[in-house]
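What TrEMBL records for this protein:
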{"type": "ACT_SITE", "residues": "H49", "note": "active site, proton acceptor"}
{"type": "BINDING", "residues": "D50, V53, G55, D57, S59, E72", "note": "Ca(2+) 1 binding site"}
{"type": "BINDING", "residues": "P147", "note": "substrate binding site"}
{"type": "BINDING", "residues": "H177", "note": "heme b binding site"}
{"type": "BINDING", "residues": "D229, T232, D237", "note": "Ca(2+) 2 binding site"}
{"type": "DISULFID", "residues": "C18-C99", "note": "disulfide bond"}
{"type": "DISULFID", "residues": "C51-C56", "note": "disulfide bond"}
{"type": "DISULFID", "residues": "C105-C305", "note": "disulfide bond"}
{"type": "DISULFID", "residues": "C184-C216", "note": "disulfide bond"}
{"type": "SITE", "residues": "R45", "note": "site 'Transition state stabilizer'"}
Amino acid sequence: MDAAVSSSLRVGFYRRSCPAAESIIARTVRRAVSQNPDIGAGLIRLHFHDCFVRGCDGSVLLKSLPGGPKAERDHPANNPGLRGFNVISKAKRRIERICPNTVSCADILAFAARDSSQILGRINYPVPAGRRDGLVSSFNEVTPNLPSPRLTADQLIQNFASKGLSADEMVTLSGAHSIGRSRCSSFSDRLYNFNGTRAQDPSLDRNYAATLKATCPANGGSDPTVAMDPATPNRLDNTYYAELRAGRGLLTTDQTLAESPATRGYVDMNARFGVAWAGKFARAMVKMGSIDVLTGNQGEIRRRCSMVN
């Protein structure tokens with residue numbers, strides 16, 4: 001798998017065929033994020049989850065068919081956590097009214113992730129487009145491809161390398177965890193049963209752990225959510241890295257970046273140089289958005305993002 005920017009994708013792909021496409025998507029995203037900032041984080045995550053399974057082909061948007069195999073979006077890594085499906089569908093409907101059978105759902109998702117980055121972090125970048133929509137979505141392909149929240153830094157490096165992304169780019173893209181929320185079940189073992197010892201993860205700041213325990217009880221029946229970044233939960237910024245250095249990374253995959261010699265240097269640099277991190281984030285998003293894309297006559301342009309034509 002390769003995340004090198006595909007020569008088949010280009011900025012301004014819809015300039016002639018649907019010139020209003022990007023502005024329609026941007027307005028739809030802005031309206032949704034103004035009502036709930038978590039939707040912006042959800043759209044960035046949705047794009048990531050799409051690209052890491054079968055490439056950036058909109059397969060994560062497909063619903064399971066009754067009586068058929070389960071789709072990606074029904075996997076526990078995506079359901080109920082993933083958000084933003086309705087925003088993509090709404091943008092698609094608006095575009096279809098003026099440019100039918102023209103703009104792919106995969107491209108809409110890439111544009112929406114960029115717009116969310118701009119709204120929440122003032123990180124704007126041109127998005128090469130021309131992706132086509134995939135015809136397949138497989139529940140069973142999620143686990144081998146998506147990184148779990150309990151991977152070590154070395155495992156994360158290997159996972160991202162399999163998609164053509166470097167260790168630096170992995171740490172850079174992890175900065176998206178400066179926004180959004182996570183369910184207690186994704187990190188509760190760090191609070192109550194670290195490595196099966198019934199102890200707390202020693203890398204976790206004690207005061208932060210106490211705050212998390214107040215929301216996530218040891219044997220709670222529900223599974224509430226907490227902000228990924230306790231300092232600036234609704235702003236996409238490099239404060240996330242300063243929090244990691246202070247022992248306030250929420251997931252194992254967050255805190256391991258500051259603990260591992262293989263990634264600690266990237267964390268330190270990103271914590272110190274916010275403008276440089278933002279530039280790296282934009283470039284890494286473009287590169288990630290090119291993983292195993294379908295172009296030309298491959299796939300299709302879906303009429304509805306949740307089902308193949």
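Any Cβ shown, glycine's included, is placed from N, Cα and C.
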- Can you figure out which of D229, D237, C305 (the recorded positions) comes closest in space to S59 (Ca(2+) 1 binding site), comparing Cα atoms? C305
- Item | G55 (Ca(2+) 1 binding site) as reference: those recorded positions from R45, H49, C305 with C-alpha within 10 Å of it | H49
- Message: Rank aside, I only need the closest one: which of the recorded positions C18, C184, C216, T232, C305 has its C-alpha nearest to that of V53 (Ca(2+) 1 binding site)?
- Response: C305
- Considering only the recorded positions H177, D229, C305, which fall within 10 Å of the residue listed as 'active site, proton acceptor' when distances are taken between Cα atoms? none
- Message: For a quick check of understanding: among the binding-site residues D50, D57, which residue's Cβ has the most other Cβ atoms within 10 Å?
- Response: D50
- Separation of alpha carbons, the residue listed as 'substrate binding site' and D229 (Ca(2+) 2 binding site) (Å): 19
- Message: Between S59, T232, which of the binding-site residues has its C-beta surrounded by the fewest other C-beta atoms within 10 Å?
- Response: T232
- Message: Return only the integer: C-alpha distance in Å from C51 (disulfide bond) to D237 (Ca(2+) 2 binding site).
- Response: 22
- Task: May I have the list of same-chain residues other than D229, T232, D237 whose Cβ is within 8 Å of the Cβ centroid of the recorded Ca(2+) 2 site, in sequence order?
- Result: S178, I179, A231, P233, N234, R235, L236, N238, T239, Y240, E243
- Note on the structure: Those same-chain residues, other than D50, V53, G55, D57, S59, E72, found with Cβ within 8 Å of the centroid of the Ca(2+) 1-site Cβ atoms are H49, C51, F52, R54, C56, G58, V60, G134, S137
